[in-house]
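TrEMBL annotations:
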type	residues	note
SIGNAL	1-23	signal peptide
DOMAIN	419-793	domain 'Ionotropic glutamate receptor C-terminal'
TRANSMEM	552-571	transmembrane segment
TRANSMEM	627-648	transmembrane segment
SITE	I657	site 'Crucial to convey clamshell closure to channel opening'
SITE	K684	site 'Interaction with the cone snail toxin Con-ikot-ikot'
DISULFID	C742-C800	disulfide bond
TRANSMEM	821-844	transmembrane segment
Amino acid sequence: MEMNVISFFNLLVVVILVQKCYSVKKETYNIGIIFNEPSSQSELPLNDTIVRNNIIEKETSVSLSSKVQVVSKIDIFDTSKQICNLIDDGVVAILGPSTYVTSPVVESTCKNLNLPYIVTSWRMTSFEESDVFLNFHPDADKLAKGIADIVRSLGWVGIIILYEEEEGLVKLQEVLKLQNLKRTDNHDFIRVQHLTDGPDYRPLFKKFRNTTENNIILDCKTENILPILTQAKSLDMLDIRFNYFLTSLDAHTVDYSSLNVTANITTIRIFDYNSEEFLNALQKWGITAFEFFKTPLYLTPTSIKTETALFQDALTYLTAALKDLPYLPESKVNCFADDKYMNGFSIINATRHKEDLPTITGPIKFDDFGNRIDFNIYVYTLDEDQLIGTYQALNETMVFARTSEETSLAATSNLKKVKVMVSTRIGNPFLMEVTPQDGQILEGNDRYEGYTKDLMDEIAKNIDFTFELHITEGNLFGSYLEDQKRWTGLIGDLLERRAHLALCDLTITHQRQSVVDFSMPFMTLGISILHKSPAKDPTRTFAFLEPFGTSVWIYSATLYLVVSIILYFIARMTPGDWENPHPCDDKPKVLENIWTLQNCHWATLGTIMNQGCDILPKGISSRFALAMWWFFALIITNSYIANLTAFLTKANLEPPIKNVEDLSKQSKIKYGCLEKGSTEQFFKDSNITMFQKMYTFMKTTRPSVFESENIDGVNRVLNDKKGLYAFLMESTQIEYYVETNCKLKQIGDWLDTKSYGIAMPMNAPYRGAIDKAILELQETGKLGELKTKWWKKKIKKMPCDENNNIDKDDNSNDLDIARTFGIFLVLLVGVSIAILLGLVEFLWNVRNISVEEHLSFWEALKIELKFAVNIWITKKKIKVVASDTSSSSGKSDRSDKADKKSAIHNFLHTASSFMNLNADT
Ligand code: GLU
């Protein structure tokens, strides 16, 4: 647009010529214009208004001309001089300048002279009664209220205000009031930062990078918007996680294409591009410029500044008022006389009360001080320049232009432009690493499988974006480190802007929710106890030993030996046990005592085995000793039987703990949980005495009962042979591990109820879309399907042997082979030893026969075997010698030949007599 002051002289010449031509006597009104720079865009409406009034609408009663002065933006002295020149030329009103530095000079001069003064730029709200002042720019206080209402309507909490000039704080004074003074968390925290030490604002941006606030209100000069946002972009602070609100009413004139913005940027302006009035004005300006000033113009809506639009409206109002006024008496004033302009009040009054004029900037109304109190603020998104809503300043209401559906759609449109980073962690069955097949190279998300990946796939499909899974450092969920004043794991990733979303079995906790936002829950759960199913221990072969402790077994065995020996001595001492070997012989030459050591042991053994014995003592003391032993045996045997039943039947093998109360009341079974997870936090923060007690127990138990991964806790439960470790875990995990391993079982109910959610930076614009996607997945049953897939179908079950496969609800009290196998084993071993002994005895006898009969060993073996294996032969010829040496049955007379027996034979004989008392009788 090539416009300059010279063109106005052309205009004036045209105006004079036209007047002369038509020789119509018209009032000519000079309008004083003050610009701060030559070739201002405001010349467009100025030229257009004058041309339209004087040439196109020929029949108008007044003729207009303009007196333009270009004054310095900051030089007050120069400005006052120029104004006086302008006033000397005889103007009916003064418009401008735009800067609030020099405009007070103009204002005070005009006030002194009662000259109408019309402003079209931002200035503080005027509270001075004035008959000659009007500001077409929205009133500062009303605008501030409007901005605050718009910010509130955006639903922002946690805001960073960046302002460049002091006036910015006036604009944002109402926004500051949005912070609740009785804050309980950081949600509505407002940080205010003055943009000083420019033009490099990156250090300032860095300061805010890792805070929880990601809503930024930027109040700066329009020409600085692009450089500042470029710096934000260089720090990755212009991506989808951030929301920006630009307070400049000219933000639409900036070309943002170089920024490739994915952040959600909201802009405001006070005119609507699509309004008929605006489009008409745009067209008229173009025609005037081309037809009357031969300046071809290409005007786009985005190139029109707010001041230009306001200037047009001010001129429309002023000219309409001038035309309406019947007669303005001549009234000359100058800066140095005391005169007052006579028409000042009537011009301003007529202008103020004009109604129903076509305006670009919407409804116009002024208060008594000349502040514009009626206007509209149009709220747009930068992305596709969509109208969000219109704020009506007069009644302080926001009218939304989009349905909530459209709003959430618009919010997610930016998601499509980026690869969404999803921070997650490895943990069954949420995310597991895929083992590549031979030669297969897995990349990106293909490296993982599990519930998290499938859920994320579904959400991404629903919203239509792409994502990348990224395993968080240390595979941590996210806890706050007091000493380092930072968050770890997934929460840390969100806060330090490494991820857009965080998804795994991440529990929604109030502590986390104070720094990040959570989507609606996708799974509900509670803490419960994971323990080992006792019926499934295959290592209980010698379960029959369990009724007594080792010490009881040792004491009993020792007592058996000691009592047997004592009985032996008592029986030797007591006369009752010295008996006549031949009862028919009245006067026996010898007395016999049958209580050899062997017989003593046999008698005590028979008693404790509940079998009794075929020989019994006859002496008083020996009887008493044995009776005491019987008493002991009675108690011990019955205790054993009672305990054995209790130990071996299923009913009594039920877990020693049935719920958390049981667990908390004992200390034998140790219990722990995942370290630095929500479960530990639950116990730590609990007000319930039982949980507090449990937390103290966990904290003080050594070695530590905490585990860094759930799977470690599960393995610890499994590896503890005696079942003396229980793991407090989230029910979802318990469900999974119980399904994979039949040794595990959940004990008791949930201790609490909570949920998993997808975490994202606070106020993330895509939160609504994620919520909607989860809701849809829930309604269509997809969430349930995924749960079944990863908790039932895709499960890798640990092989369960017979023992472990016992139905957990089986109430049968039967003893199974696994638990009685030891008894069988003892019998088998015992019988095997007996067979071996029998063999040795048999071979020894064969050897003796071979020596005595002068046969070879093999011949003797053959003969003896013949008798042994032939089951039809029940009688054997007794040779003299052979009968003397006794057969293996030991039933022949042996007493005479005893001296011939070798020591080993004696031993074997003793053994056989130990087993069969007839041998010695
Ligand atoms: N889901 C838990 C969290 O988000 C971790 C597991 C636990 O603490 O039991 O912290």
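Placed from the backbone N, Cα and C atoms, the Cβ positions cover glycine too.
The model shown is predicted, which means the values in this text are computed figures rather than measured ones.
Beyond the ends of the transmembrane segment (552-571), by six or more residues, the same chain brings 545, 577, 593, 595-597, 600-601, 603-605, 608, 617, 619, 621-622, 625-626, 629, 632, 636 to within a C-beta distance below 8 angstroms of the stretch. Tertiary neighbourhood of the transmembrane segment (627-648): same-chain residues 543-544, 546-548, 556, 559, 563, 567, 604, 607-608, 610, 815, 819-820, selected by CB-CB distance under 8 Å and a gap of 6+ residues from either end.
Cα spacing between C742 (disulfide bond) and I657 (site 'Crucial to convey clamshell closure to channel opening'): 18 Å, rounded to the nearest whole number. Taking the C-alpha positions, the distance from I657 (site 'Crucial to convey clamshell closure to channel opening') to K684 (site 'Interaction with the cone snail toxin Con-ikot-ikot') comes to 22 Å. Ligand 1 lies under 6 Å from the Cβ of none of the recorded positions I657, K684, C742. Listed in sequence order, Y695 are the same-chain residues six or more apart from K684 (site 'Interaction with the cone snail toxin Con-ikot-ikot') with CB atoms under 8 A from its CB. Under DSSP, K684 (site 'Interaction with the cone snail toxin Con-ikot-ikot') is assigned to a helix (H, G or I) in the three-state scheme. With a 10 A radius on its CB, I657 (site 'Crucial to convey clamshell closure to channel opening') counts 21 other CB atoms from all the protein chains. For C742 (disulfide bond), the Cβ neighbour count at a 10 Å cut-off comes to 21, with all displayed protein chains included.
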